[in-house]
Structure formats: C-alpha cells, structure tokens
Amino acid sequence: MNTEILGVAVQIVLMVVLAYPLGRYIARVYKGEKTWSDFMAPIERVIYKICGINPQEEMNWKQFLKALLILNAFWFVWGMVLLVSQGWLPLNPDGNGAQTPDQAFNTCISFMVNCNLQHYSGESGLTYFTQLFVIMLFQFITAATGMAAMAGVMKSMAAKSTQTIGNFWHFLVISCTRILLPLSLVVGFILILQGTPMGFDGRMQLTTLEGQEQMVSQGPTAAIVPIKQLGTNGGGYFGVNSSHPLENPTYLTNMVECWSILIIPMAMVLALGFYTNRRKLGYSIFGVMLFAYLAGVFINVGQEMGGNPRISEMGIAQDHGAMEGKEVRLGAGATALWSVTTTVTSNGSVNGMHDSTMPLSGMVEMLNMQINTWFGGVGVGWLNYYTFIIMAVFISGLMVGRTPEFLGKKVEAREMKIATFVALLHPFVILVFTAISSYVYTHHPDFVESEGGWLNNLGFHGLSEQLYEYTSSAANNGSGFEGLGDNTYFWNWTCGIVLILSRFIPIVGQVAIAGLLAQKKFIPESAGTLKTDTVTFAVMTFAVIFIVAALSFFPVHALSTIAEHLSL
C-alpha cells in the first residue's frame, strides 16, 4: 500500500515540476521567439504554401472563429465519409465492417470536438486506415484547435488595445509541429520499448496458459496512444482503453501515460502567465486548479484503497483495496489517480472501469467534469476558467463598489451576459438530457427494450450511468459508466447533439469575450483597481465556480451517487 501511495505522489510531483519548463516553452512558441524547435519552420512553410495560408495575416475575433468553425465542418464531412465506407478501404486485414450512419455521426462528432466518446470497440469498430486517417488525425487537429483558441485569447490579454487576436491557422500549425508532435514522438518511443505494438499485421492467434486458442488484435497502437493522452483526447485504440495490456503494458507506461494526460493542460496555465508577463496571475490560477485536483485525488485514492464495505462484511480481506474493475498489474492507487486525472481534464481515457469505482469516487469523477474548469482540455480547459474569472471580477466589483476590470479592461454587461450564458449552458444541457433519458426509460419501456434495455444496473446506479454519459459528452471527456448500453439510435444521436452544443458555443463565447475586451481602451492600474492575481481573488473565483457549477448538480447527486454511497 505504501508503494502504491509513493507511486501516486511521484507521478503528481513529475507533472507539476515538468509543467513549469514546458509552460515557458509554449509561451515562447506562441510569441514567435527563438526556440529549439525552429528547425520545423521549413515544414511549416510548406504546409502554409499548400493550404494557401498567410501566417502573418492578423484576424479579428470574428475571423478567428470563422476559420475555426470552417475547419471543423470540413473534417466532419471527411470523417463521416471514411467511417461509413471503411469496410472497402485499405489497411483492413481483419475485415472490419463499416459503421452505421448513426454510429458514424456519434463517432465523428465525438472525435471532432475532442471528446472521444466511443460507442464502439476499437478493435472491431474501426480499421487501421480509419484509426490513422480519422481518429489519430482528429486527435491532433482538435487538440491544436483548443490550443489555438487559447493562444488567441492570450494574445488579446497581453495587448493593451488591439482589434486582432492573431492568426488561427498559424497557431493551429505550430501547436501541432512544435508542441504535440515532439512530445508524441518521445512518448511513443517509450511505449514501443515497453512492448506496445506498432505495425500493420492482422490479429495474432495465440494459445493461452489454459490451452485455449485466442485471437489478439494489434496494429499501430504506439502511434495513436501518445496523442490520445497528450491531446486530452482519450479515445482508446482498444475497447478497454489503457486497461488493455498492449495499450498500457507496464507500471512505467502507466506513469508515462498518466503524466501525459495532465502535462500540457498544466503547462498551458503557466504559459498564460509567461505570455502576458503576469506570472502571479498564472500561479494563482494554477494554485486553485491544483488544490481542486489534489482534493479529488485524496478522496478517490482513499475510497479505492480502502476497499468495499459490502465485501468486508463478508469477512473477505481487501489488502489491495477495491479491486473490482481494476488491473492487478497497476493496483487501486494508480487507477484512482488516473480516474481523477482523466476527469479534471477532457481526456477520458481509463486504466480501469469507472463503473466499478466506489460511489463517492464516481461522484468526484462526475463533479470534475460537471465543474469542467480544473485544467480541462489542452487550451479549452483554461478558457472555461476564464469564463468564471469574468464572472468573479464582475461580482467582486459590485460587492466592493469598484468598476469591474480585468487586465486593464472594463468588464461590462455584454461580457457578463456572454459569460453567464456559457457558464449556465453546461449544467442545463447535462440535466435536461439526463431528465429526457430518464423519462423515456420510465414511460416508454417498449422503445427502450427495442434498443437492448440500456441499463445493466437499476436504481441509484442506473441514474448515475445516464448522468455520467451526458456529463462526459458535455465536458468533452469521453469516459463512461460502461454498464450503459450506449450504441443505440437514442444515445448516438442525443449524445451527438450534446457534443456539438457543449463544444462550440462555449468556445465562441469565450473567444468573443476576449475579442471584445481586447478592443477596449486600456485603463492603467490605480489604487482602486481590483487585483486579480491575489490569493483573495483566487478564493473568490473558487467560490463562484463552486456555487454556480458544483451546487447545480447537488440534487441529482443526492438521488444517485450519494444515495448509493449511503446504501452500502
């Protein structure tokens, strides 16, 4: 047990320590300063020339968003065409068939918005061709899209007054070539050394220790897993994700993959401070996020390593904790750490089954996604926190009788309305769709039965499974309580709608706020200015997040995870 706790502590320390130099590097990349990765410049120029991009052309916030949305619309069509025709495409040695239109819609939307919700199993639901030219391609593009959006916001924050926020295409390309690709190559090399497969052969036929014949899938796993983790994507190459011994063979690969989930989101927060020359602001935001993350780790590690009281009542020893749904080679501690790490970000990959975690652990996992502000996805995670900063500035200004200002710009009714709409959209979408699914399940049992029955667990946990699915979709996470039978018309279409609403409306709102503030006249700091880089303001922001985001979900948790915990 002590060894497991030590492993958890080492991973967290590595994340925090290495996030600092990476944050400095990311800030320099987006500022256009000289870095070791300048050798990528000729490749970038070729990309710009082929695509007809002028990287020096500045965009206002409307042009920036237009480019972002056009890019996503194009790749959606690309993905749909390939997924519904993959059975006839090359690199398909196992003869996997095409996806149905509803499943392809859900898959394509899910990976296009960086969620990676999977209503299929990777070994049989995709081919090597679509794994590479849809899934892996989208995992680079969507991660870079979020990073580009944050780069534009950082540029607007650093300027005293400007009409432009940078070039979306330029930020997108350098996010791939100078940040995501180099890190992916390093992680991929480690995975190959540890035994993760990398090739294009079909299934292997093996004889197990019991003498049974078994077919084992392989493929270009080591190429896809690194960006799956680093881009906070999370879509597993195999159906059970990083629980699979070929996707995550050893404790070392588990540490590397878990580290990969959080390193860029952490670094992006620190990059904000370096880019804007306001390090104290970056540190204060980082501190709030780290506090919330560590609180979740403390709860989940304690819950999972403490075991299940129902099993203890039967007189069965649980020296290794609550091991249901966990890999013996990894242990309860490492699985608990991963469960928090993957949900404070929009990653969603798993190394154990969240459906089998203790009720309070499941509540923490869901709350991380429902708050959707602690580190979050690469780039987009900080933008969600930015929304609450605007709200906290406005509320604090009203409380002390000062004009609300953020970084020398007045925060007025227009910005506050957008921020409020974005903040309330998240709980609204989750709770409304959960209510709809619960209503359909209760009042239309024939329809539900025609789709396989949906729930493998009734009662409190059945509600948790439905709530988790929509929470994961809205938070662009992609993990799930897998007791839910989700590859149906109802879940494919409704989750797809939630994915679209919860990805693009917040990004549009957040970039719009940044663009509107950037255009305003800069007001120098004075004795009456509300400082936003202090511990007091950090606590105020945390309080606003807790009240607006967390408490919105208390009633539904009282009916699901909390009720289940009290029933043990």
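Glycine is treated like the rest: Cβ placed from N, Cα and C.
Positions annotated as transmembrane segment by Swiss-Prot: 3-23, 64-84, 133-153, 179-199, 255-275, 281-301, 375-395, 418-438, 497-517, 535-555.
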Do at least three CB pairs under 8 A connect the transmembrane segment (418-438) and the transmembrane segment (255-275), leaving out pairs fewer than 6 apart in sequence?
-> no
Distant-in-sequence neighbours of the transmembrane segment (179-199), which means Cβ under 8 A and at least six residues beyond its ends = 26, 29, 37, 140, 143-144, 147, 218-223, 225-227, 229-231, 246-250, 252-253, 256-257, 260, 263-264
Do the transmembrane segment (133-153) and the transmembrane segment (418-438) share at least 3 Cβ pairs closer than 8 Å, excluding pairs fewer than 6 residues apart in sequence?
-> no
Do the transmembrane segment (375-395) and the transmembrane segment (497-517) share at least 3 Cβ pairs under 8 Å, sequence separation 6 or more?
-> yes
Recorded stretches the transmembrane segment (3-23) and the transmembrane segment (418-438) touching, at least 3 CB pairs under 8 Å | no
Contacting positions for the transmembrane segment (64-84) when only residues 6+ beyond its ends and CB under 8 Å are counted = 98-101, 103-105, 107-109, 111-113, 126, 129-130, 133-134, 137-138, 141, 145, 148-149, 152, 165-166, 168-169, 172, 504, 507-508, 511-512, 515
